[in-house]
């Protein structure tokens with residue numbers, strides 16, 4: 001094992017790398033420490049005391065501190081109130097502990113100038129994760145298991161089984177701590193470890209090795225699949241104003257549609273394929289909402305955008321303001337000549353403006369006088385005539401003087417503020 005580890009670790013680490021080792025004091029992390037120490041890597045130890053096992057947790061921390069002292073290396077111990085953190089953040093204990101430790105590891109890595117965080121996950125852990133995700137009905141990526149390298153985190157023992165690690169520890173007469181909670185069936189992972197894995201290994205002695213080989217093929221398949229999905233997105237996606245437009249006609253002609261719907265849209269929080277298929281046939285205005293995005297059916301297309309808080313704020317502009325950056329970028333400039341208005345630029349009679357001007361979201365009941373007309377029109381009717389989507393309406397801002405609309409910004413100016421032969425001072429307003 002020592003020779004294999006020495007060869008394997010060269011894929012990830014340079015001889016002069018400083019390593020932050022996540023060490024519990026248990027079998028796996030003690031073996032990993034022993035292997036790294038024998039290879040003369042500079043190791044910094046990081047131990048988490050989650051206060052979940054009372055005196056036993058404290059004894060684990062003391063064990064790690066004594067080990068570090070005996071080897072003359074840096075060691076850091078962090079005590080967490082895990083139950084309090086879990087309750088405050090609506091997490092179960094395991095997820096809370098995971099979040100706490102990885103956040104701390106990364107901060108400590110930076111503080112101690114370490115190149116990588118190294119953890120002691122092994123092949124049996126990987127198989128357990130696969131079975132947990134399989135039982136929960138995860139997507140393909142969830143079946144790929146634990147990555148050997150993920151950013152600054154390296155897991156060099158994933159190619160070794162727990163049996164190999166135990167044999168190594170016994171051969172070198174290593175001491176380690178036993179976590180009493182691992183002996184219980186309180187967690188799904190423990191139940192799989194105690195009752196499922198032994199049966200699978202009984203069925204086939206090479207089960208773990210065969211699993212790793214199959215998983216390698218799955219990883220290659222996913223890489224190929226993701227390349228194909230990028231190509232498909234290029235065919236059906238278009239982008240405008242921070243929104244994604246999806247061509248439904250092109251999408252409906254795709255082969256393996258159910259699979260592709262899941263793979264394309266689950267990153268945006270939409271994983272229910274039956275709901276997505278219903279959306280393809282829904283009437284305009286139908287929406288699906290995820291934690292992060294909104295998906296709108298608009299005629300022969302879908303529109304996808306980030307969820308944002310409704311525009312409830314208004315922004316006041318003084319006469320001296322020449323450049324505005326929020327909620328959008330406007331430039332105000334006094335000029336002596338003018339041209340025709342465009343969607344991006346309008347010219348108004350500056351003397352008709354009442355300050356402070358206001359930028360606000362449109363409201364039901366708003367009316368204006370479209371440039372070129374002497375009669376009023378509801379803003380909602382203007383939007384309908386312009387065939388604006390719900391999302392475009394929600395994102396629309398108005399420039400207002402007193403109670404009068406000066407400009408439906410980026411679309412149409414109000415006739416009441418137009419430049420005429422009687423105009424003395426001209427204000428040019430540009431949307432950047």
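Using the three backbone atoms N, Cα and C, a Cβ is placed for every residue, glycine included.
According to DSSP, residue 27 (ATP binding site) is assigned to a helical segment. Around the Cβ of residue 27 (ATP binding site), the same chain contributes 162, 165, 166, 169, 176, each under 8 angstroms and 6 or more positions distant in sequence. Here TrEMBL flags 24, 25, 26, 27, 28, 29 as ATP binding site.
TrEMBL lists 357-429 with the feature domain 'Lysidine-tRNA(Ile) synthetase C-terminal'. In terms of DSSP secondary structure, the domain 'Lysidine-tRNA(Ile) synthetase C-terminal' (357-429) contains 15 helix, 27 strand, 31 coil.
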Message: Name the residue among the binding-site residues 25, 26 whose Cβ has the smallest number of other Cβ atoms within 10 Å.
response: 26
Message: Across the domain 'Lysidine-tRNA(Ile) synthetase C-terminal' (357-429), what does the mean pLDDT come to, as a whole number?
response: 92
Query: Within 10 Å of the Cβ of residue 28 (ATP binding site), how many other Cβ atoms are there?
result: 22
